[in-house]
């Protein structure tokens, strides 16, 4: 993890976003007032301490322009571009104004949609213009009409001024105003809608209500009742433009209200956004992923504090940043984990101005167009929305798991390996674990090499023979020769069938295991018995009468070619051909008077010597075809 953090931080330094605080740029504020209520343009006017404090803050932070509602030369736009960054609306004595063309509902909404911030002030004995009131209503804020006052008999002093208490009137969940400085309140209240963009700040107590001055409380004269009324309300649009409405200028004592409105506080922003593959961290923000890739997503977030960008650290569980990896719906929705403060400055890397968060996850097993989406919306903080679209592809043909990587294949691979191991051990032992008698494995394997094996135990097949050497003098004679093989099993239970085939054959192929020296004598005796008699083919251990039809010897086998094949000559423990000739073959030929016979080395599994052996046999059959005729029925 430490190695990953070191590598990640190195890339964070490369992804530099020049973070210039908004406070460093000169911003313009337009303040509109009614001279009949408050004379902001008169330096000798007696202003309340709250208004004086407010105006001093504006003059120190911004380039301030003060204007009258009736000044027709005042406009919010110049060639459809906002002339001001912020707009302050003091209350008026009349609903209609002369400059209604430039300060109507539509112009205010246009200014707000262009990113302008608006601070509106109400009161019990004053009102707002029709345009301002309609604009507030469109946002979901409904201030009480003129001559309506907020009243709370349980928290009222002798002169009728309501005393606000933090535990009763301050909305505890809000991030805009942490503590309530205002104690005495004389103003009106507003109803609000259930819009998610509205952020209540100061509310009415349970015993407070808004009623028409001098009238009894009833359904007609009452505007708000209990906690449904609000004395200060914030609104933040999706473009992060802000509006604050307060019901009395006394709330200007809480400078957190207008600082938030003018985006001096509660402002956060992304300094960088990066995503990468875990196995290719050097490639930042790739456009192509494949399914089941390990992806890493990293962001750096800063907060504006006193005109400088500082790391923004999330401390509450409900405020965590969350990544959605989505197509139409999120396939992954994950909380980002904190990494620590980092620097995004190329000039001063020791100045930590952002807090890094990251998360790693597996790309879903689904191809298509996916989006890394960070949608962060918390009341009191500016909204963050970042989307990065990538393509997720399927695995290529050479990227799928193979062999042992597939867990379901372990059983089959292990079985194959075990079978091969046992097979090699059997070959090393000479395959001597057959039940009894001479084996038929080698002869059957010869026919299997020709890919023809009709039955088990007794196999019959016909092979069209061709010479391996086309230039041989015998090649022409090999044309149109078909060899019909009878593969007779070597077990004792099958030997009683041998004699039924002897009269029909033109030649005999006898296969021995050249690694099994213990059975050489058995092979010798078997061939001798075949030539002389086969009464041993019948089990007479119980004294039964021998069936003579089943004990017919080989009649006329003189000069019938006998081909003895010494199999498994590829194994190191096999007896060499010279030893076989001197120990078995010469003695056998002499005993049988088999003048037309041959001993040849072969390896059935390696397919060595089979073609040459058959060529010798076919050559002898051609020359000896008159010695014996098959009697086909």
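Any Cβ shown, glycine's included, is placed from N, Cα and C.
Record features, source TrEMBL:
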SIGNAL    1-19  signal peptide
DOMAIN    38-257  domain 'OST48 N-terminal'
DOMAIN    276-417  domain 'OST48 middle'
BINDING   490, 567, 568, 569, 570  GTP binding site
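Sequence-distant contacts of residue 570 (GTP binding site), defined by Cβ-Cβ distance under 8 angstroms and a gap of at least six in the same chain, are 603, 605, 606, 608. Within the same chain, residues at least 6 positions away in sequence whose Cβ sits under 8 Å from that of residue 569 (GTP binding site) are 514, 577, 601, 602, 603, 608, 609. Other Cβ atoms within 10 Å of the Cβ of residue 568 (GTP binding site) number 23 in total over all chains. Per-residue pLDDT, averaged along the domain 'OST48 N-terminal' (38-257), amounts to 92 for this model. Using a 10 Å Cβ-Cβ cutoff, residue 567 (GTP binding site) registers 26 neighbours.
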